[in-house]
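Asker: Quick paste of what TrEMBL says about this protein:
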{"type": "BINDING", "residues": "A:30-37, A:147-150, A:VAL176, A:184-187", "note": "ATP binding site"}
{"type": "ACT_SITE", "residues": "A:HIS37", "note": "active site, proton donor"}
{"type": "BINDING", "residues": "A:GLN61, A:GLN153", "note": "(R)-pantoate binding site"}
{"type": "BINDING", "residues": "A:GLN61", "note": "beta-alanine binding site"}
2 protein chains.
Amino acid sequence: MKVIRTIQEMQQYAQAIKQERKSIGFVPTMGYLHEGHESLMMEARKNNDIVIMSIFVNPLQFGPNEDYDRYPRDEARDQKIAEQNQVDVLFIPSVDDMYPQEQTIQMKVIRRVNVMCGKSREGHFDGVATVLTKLFHLTYPNRVYFGMKDAQQVAVTAALITDLNFPIELIPVPTVREQDGLAKSSRNVHLSKSERSEAKYLYQALLKGQKLVVDGEKNPANIVKEVKNMIDHHINGKLDYVELLQFPSLEPLSTIDQQVILAAAVYFNNARLIDNLVFNKDGMLTSRI
Amino acid sequence: MKVIRTIQEMQQYAQAIKQERKSIGFVPTMGYLHEGHESLMMEARKNNDIVIMSIFVNPLQFGPNEDYDRYPRDEARDQKIAEQNQVDVLFIPSVDDMYPQEQTIQMKVIRRVNVMCGKSREGHFDGVATVLTKLFHLTYPNRVYFGMKDAQQVAVTAALITDLNFPIELIPVPTVREQDGLAKSSRNVHLSKSERSEAKYLYQALLKGQKLVVDGEKNPANIVKEVKNMIDHHINGKLDYVELLQFPSLEPLSTIDQQVILAAAVYFNNARLIDNLVFNKDGMLTSRI
């Protein structure tokens, strides 16, 4: 596995690969890799000649009071995991190389962000759109892989690709879960033991909401209420949101007559966890984008 | 010469060219071509295997009270001129194909725009940055060609390419002028006969300002004042601005100790004309970006 640390070398390498007419699968990450990331690497490995994975904790997508400084990092371990999953190139740029001067061009995400995580993380998706645009220009991917755990990121990235005509196919990959259903996340290490045992109810609550739809409930408000109740009952952490929206437009709807996302976020002491389910009007799991 | 009218065909064509390892020179225009555009085509022809020129009057870069509707258009004539200049592909997309839905992603230019044309054309460069990003993703250029008449556009595009890591080289091409010095512009057709005879003083005034620097003047305010005086004296149109700034950062400066731009804009009845000179601290013409 090749490790590249400068944007210049990355761009030259990717350009050379494209000239050999090889396809590139790209997995952008913030590192501290877990089985969720591994499923992205495996998916990329299946369908591309070359797999590039980036590790970059992007300061632009963290708010001033968020966890940029204490976001977990372990490069040596990440390298091993990438190698085990047959990644060809691990791209680890520095912040100075990615943002050498104050930007003249700002990217603003103006739809799909006044809901869910966008509400409590102002500017977060602007930072995501900016760093992805830069990374796409450095790695020339044919396909890019994202976990559905970050469903709003998937929705925003789909719009980024469409709106700006990136010649890239977006592949959403199902959320990988612990045995008890908790979505894998780099931030799970920040949970206390008691928080960890509560955390599984985030997923349980979403499943309950989905079951209501399977059983015929069509009113989003009723479902959101039941999911909130279950979270309140089992989790001491502070609820951020439970929302049920059209997916991927993330627009509200008054009756469930199309593909939707049921999503929730909870603040624990040192971690904010998110999870979601995407399903059709009959409650069957899907992830069309 | 091939004429392509859909973004899908354009992207596929450009992708195929890149796979043949051929270089692409790209000339984005709004059509109604004149000798200024021809100099861009000739420059692109010299240094690239394939020359792509686009004609697209981009609604996003026109303000609500600007001249989008009466911007001059003559596609048949443009096609002839492109063919004469050995353009390989003329790309003429429709507005519906370029902007099929309301954008989720907005690009904002936050530096280099609170001066010169940016002051009177709010949002103009946001629209320029957006359409260029889209066109770059559709045409895969190695090099992109812009006329220095639109110097602020050159400065903003340089930042766009750097900030977002586009793998593209920006080539600024000197302004082409009429015999009396008036910069060639598609909008010159909107000048009345008397306006046309006054218009040459825009360039004359800038030359006078440059000469002051050659003669040792270092104070931007003194130069701006002299240029304004000359424009006021010879032109009945309304002055928009005369500015002297660092180039390409477009930041103000208190003494001329580096490359600068001396730029002016004047409103005539049916056209707003712009012109500029870029020179070093000794008044010698340059155009380093």
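Glycine too: its Cβ is placed from the backbone N, Cα and C atoms.
All TrEMBL annotations are machine predictions without curation.
What's the neighbourhood like for each of these?
Answerer: In the three-state DSSP assignment, the secondary structure recorded for A:GLY36 (ATP binding site) is helix. A:GLY36 (ATP binding site): 21 other CB atoms within 10 A of its CB, across all protein chains.
Around A:HIS37 (active site, proton donor), the same-chain residues at least 6 positions away in sequence with a Cβ under 8 Å from its Cβ are A:VAL27, A:THR29, A:MET53, A:ILE81, A:GLY147.
According to DSSP, A:GLN61 ((R)-pantoate binding site) sits within a helical segment.
When other Cβ atoms within 10 Å of the Cβ of A:GLN61 ((R)-pantoate binding site) are tallied across all protein chains shown, the result is 21.
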Asker: May I ask for the distance between A:SER186 (ATP binding site) and A:GLN153 ((R)-pantoate binding site), taken between their Cα atoms and rounded to an integer number of Å?
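Answerer: Between the alpha carbons of A:SER186 (ATP binding site) and A:GLN153 ((R)-pantoate binding site) there are 16 Å.
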Asker: Within 10 Å of each Cβ, count the other Cβ atoms and name the one among the binding-site residues A:LEU33, A:MET148 with the highest count.
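Answerer: For the binding-site residues A:LEU33, A:MET148, the Cβ with the most other Cβ atoms within 10 Å is A:LEU33.
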Asker: What kind of secondary structure is A:SER186 (ATP binding site) part of, going by DSSP in three states?
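Answerer: Note: A:SER186 (ATP binding site) is helical by DSSP.
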Asker: Counting only residues 6+ away in sequence within the same chain, which have a CB under 8 Å from the CB of A:MET30 (ATP binding site)?
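Answerer: Sequence-distant Cβ neighbours: A:ILE55, A:PHE56, A:VAL57, A:ASN58, A:TYR71, A:SER186.
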Asker: Work out the three-state DSSP category of A:MET30 (ATP binding site).
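Answerer: DSSP assigns A:MET30 (ATP binding site) to coil.
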